[in-house]
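Quick look at what Swiss-Prot lists:
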- H22: active site, proton donor (ACT_SITE)
- Y18, Y41, W76, W77: substrate binding site (BINDING)
Amino acid sequence: MIRKAFVMQVNADAHEEYQRRHNPIWPELEAVLKSHGAHHYAIYLDQERNLLFATVEIESEERWNAVASTDVCQRWWKHMRDVMPANPDNSPVSAELKEVFYLQ
């Protein structure tokens, strides 16, 4: 498994709405993530700084990257763009984080 972590932002007035939209996520989005090899996906909120910290284990970078081109992912990004900063393609503005420590 490949461990990934990344950070995103959420609008200051949208914390509750962001959480509501993820509980639960769309069943078809969950199915796409799982079918593309995503496991143990978690998102944490830093309320003071409006930051979202996400971790996920993936089976391959290629399969993970392919999620972005699915119809359901494109619809999800469009659905979420009003609660968080988004790129021109509606994907969330994000930055990948470098792992510096891991205890198994």
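Cβ from N, Cα, C; glycine included.
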Candidate with the highest Cβ count within 10 Å, taken from the binding-site residues W76, W77: W76
Least Cβ-crowded entry, counting other Cβ within 10 Å, from the binding-site residues listed as Y18, Y41: Y41
Remaining residues near the recorded substrate site, that is with C-beta within 8 Å of the centroid of the site residues Y18, Y41, W76, W77: R21, H22, I25, L29, H79, M80, P92
Cβ-Cβ distance under 8 Å to H22 (active site, proton donor), same chain, at least six residues away: I43
